[in-house]
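Peer 1: I'd like to ask some things about the structure below.
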């Protein structure tokens, strides 16, 4: 019998890979971009709208859901999939990053992290064991092990200490996760921008054994050049037959650069957050729909995009509803952005399978460099 969760690589082109992650809830085509459903919703989107963009999988946030409405309540109500009406796979993060970035009065120990909720100031403790329990209650298809992600820049001693703590937590996460057929546990490589620490982390994780591996600790302020420098070697240290997930990366240029370096999965709030603030991603770069140049423009955001915003509405209309603070503005621009990101992923999958990924990248970068269409 086939495994309930497995990764099938179907083609490579250079370091870039395309394939399918098989799960009981459906297939995830890779490279895959995961929209972020922070509080059991992708902001400004209905679940069926997210499905229509081409998304195979969503990301949920353990930290936010454990605080409100709580994992126990979601479990009583039938699990996260039923709660938010999403019938495809869900990956949940471990909560570690949000604890470090959002929570107040944190105390880090070998056991875990105690912190105050950013919502009401209540005290909580998050450990590898508790993180695994929360993600089990949520019913996540892909569970992330609990880790610490230090902000960059940081000195080598701090990075080493943090990475080794995360590796001990990874072992505890693996033990607490147990044997759950159909559910996957991913380990998270840490080590900052230090190649030797990345190698040490990868060796520790591989020895423990996971269903997939994430490259963590990037997109935390180091800049694209430094991130790409790390990605030139970090994914190569991870098992070739398992999915590789780059956490929290979502600018189009970053996504394409990551895939060219062997990454299979990514997530980011950028397309939805930008949509709500009047920014649309197009083949020609970012369009700020709030700008007055769009107020009399009858053309779509992108004439080659088939999303509802581009198929049915003009730039002038999108400008108007944004300036009028109408809810439909965030809905249409978020839908467009998520559709565009999924178009990028589909283009990469097709070109990798055809062996034309280098040419696809060239066209992608040249088109973006042209900038937005001239105003009327």
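Placed from the backbone N, Cα and C atoms, the Cβ positions cover glycine too.
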Peer 1: Using only what Swiss-Prot says about substrate binding by 93, 94, 95, 96, 97, 147, 217, identify which of 190, 279, 295 is listed for that site too.
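Peer 2: Within the candidate list, Swiss-Prot flags 190.
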Peer 1: Report the candidate from 124, 183, 336, 365 that shares the Zn(2+) site with 305, 307, 310, as recorded in Swiss-Prot.
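Peer 2: For Zn(2+), Swiss-Prot names 305, 307, 310; of 124, 183, 336, 365, the listed one is 336.
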Peer 1: Match it up for me: which of 227-233, 234-240, 241-247, 248-254 does Swiss-Prot list as region 'RNA binding'?
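Peer 2: From Swiss-Prot, the annotated region 'RNA binding' range turns out to be 248-254.
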Peer 1: How many Å separate the two farthest-apart Cα atoms among the substrate-binding residues 93, 94, 95, 96, 97, 147, 190, 217?
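Peer 2: Site span for substrate, by Cα atoms: 16 Å.
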Peer 1: Please count the residues of the region 'RNA binding' (248-254) that DSSP assigns to helix (H, G, I), strand (E, B) and coil.
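Peer 2: Once the DSSP states are binned, the region 'RNA binding' (248-254) shows 3 helix, 0 strand, 4 coil.
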Peer 1: Do me a favour and check the Cα-Cα span between residue 305 (Zn(2+) binding site) and residue 267 (active site, nucleophile); whole Å is fine.
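Peer 2: Each residue's Cα considered, residue 305 (Zn(2+) binding site) and residue 267 (active site, nucleophile) end up 22 Å apart.
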Peer 1: Let me make sure I understand the structure: which of the recorded positions listed (93, 147, 267) has the fewest other Cβ atoms within 10 A of its Cβ?
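Peer 2: Relative to the other recorded positions in 93, 147, 267, 267 has the fewest Cβ atoms within 10 Å.
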Peer 1: Write down the Cα-Cα distance for residue 307 (Zn(2+) binding site) and residue 93 (active site, proton acceptor), rounded and given in Å.
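Peer 2: So the alpha carbons of residue 93 (active site, proton acceptor) and residue 307 (Zn(2+) binding site) sit roughly 29 Å from each other.
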Peer 1: For residue 94 (substrate binding site), which of the recorded positions 267, 307, 310, 336 has the nearest Cα in space?
Peer 2: 267
Peer 1: Long-range neighbours only, meaning 6 or more apart in sequence with Cβ under 8 Å: which ones does residue 307 (Zn(2+) binding site) have?
Peer 2: 53, 335, 336, 339, 340
